[in-house]
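Chemist: Let me begin by handing over the structure; questions about it come next.
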Amino acid sequence: MKHLLGLRDLSKEDIIKILNLAKDMKTILKSETKKTPHLQGYSVVTLFYENSTRTRTSFELAAKFMSANTTSISVQTSSVQKGESLLDTVKTLEALKTDVLIVRHSVSGVPHFIAKNCSFSVINAGDGMNEHPTQALLDMFTIRERLGTIEKLKIAIIGDILHSRVARSNIWGLSKFDNQITVFGPQTLIPPYIENFAKVASSLEEAVSGKDIVIDLRIQLERQKRGFITSKQEYYKFYGLNEDIMKFISDSTLIMHPGPVNRGVEISSEVMQLKNSTIDEQVTNGIAVRMAVLYLCTRKEGIYR
């Protein structure tokens, strides 16, 4: 059985395999029909226990463009509201002949639990504060497309590192390619032991200076159970990407953000519109990357053996 549960245990070779295939899938997206029969006859189900626009829509379009039969389950109107357990939901989907389940959950490890208790493929679309593997893969795809490489780069990740599954997946993925990773954010939002995996900068200016890529993160207020920041205004003043901080950033430095963006909090509208901003590209590339992942997870050789 083949799954994509995270980048921590994914090999460098498998990441390259996904990115290479995503390049081919992007060619299909540029065609007039945007259609391929690779998943014809397959049943792909999305099950999101958390809100999503980009990831859910991107996966659904990816499956449709590959001719899969797609079903989207709304947790709010499903039997979950009647007290159905996660395991029973999984067994129901199994009985309905699901081939691939794309799942997002607020609890870390849920995709791994499902993968151990089902016969279909499982793709992690974000689990708690753990990982968001396809977001990191599309970030890496965008970097490689823009810069020609994902190796030996200087990368800054700015913002709510503590609660960010995007940050974790990017650190796991990018660190496999001999990149120098620096993180910066409010001290309350920097996780313990992060020094084992990345350098912690002492200022925003230090963090972004001389970098090839700056990845800005969303403040995840929905995961914060106490006051990690004093106010959005203060956050923007000290940690936001604006015109003032751009003085320390090269015109060739990629400005990235996984979305959704809080304009005027994490990043200004003006910075988002710069030529070196890749925010819209990341959304487009997400479809190609997810097409590649769906293809590999439904093939015998797959991502995992």
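FYI, residue positions are counted from 1 along the chain as it appears here.
Backbone N, Cα and C atoms are what each Cβ position is placed from, and that goes for glycine too.
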Chemist: Among R104, R146, R299, find me the residue Swiss-Prot lists at the same carbamoyl phosphate site as R54, T55, H132, Q135, G259, P260.
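Modeler: That carbamoyl phosphate site, as Swiss-Prot gives it, pairs R54, T55, H132, Q135, G259, P260 with R104.
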Chemist: Using C-alpha atoms, which one of the binding-site residues R54, T55, H132, P260 comes nearest to R218 (L-aspartate binding site)?
Modeler: P260
Chemist: Quick one: Cα separation, R104 (carbamoyl phosphate binding site) versus R165 (L-aspartate binding site), in Å?
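Modeler: About 12 Å separate the Cα atoms of these two residues.
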Chemist: May I ask for the distance between Q135 (carbamoyl phosphate binding site) and R165 (L-aspartate binding site), taken between their Cα atoms and rounded to an integer number of Å?
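Modeler: On Cα coordinates alone, these residues lie 9 Å apart.
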Chemist: Roughly how many Å separate the Cα of H132 (carbamoyl phosphate binding site) from that of R165 (L-aspartate binding site), to the nearest whole number?
Modeler: 5
Chemist: Around T55 (carbamoyl phosphate binding site), which residues of its chain at least 6 apart sit with Cβ under 8 Å of its Cβ?
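Modeler: R104, A125, G126, H132, T134, Q135, G286 - these are the non-local Cβ neighbours of T55 (carbamoyl phosphate binding site), listed in sequence order.
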Chemist: Assuming the binding residues for carbamoyl phosphate are exactly those in the record, R54, T55, R104, H132, Q135, G259, P260, what is the maximum CA-CA distance in angstrom, rounded?
Modeler: 16
Chemist: How many Å separate the Cα atoms of P260 (carbamoyl phosphate binding site) and R165 (L-aspartate binding site)?
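Modeler: The separation of the Cα atoms works out to 14 Å.
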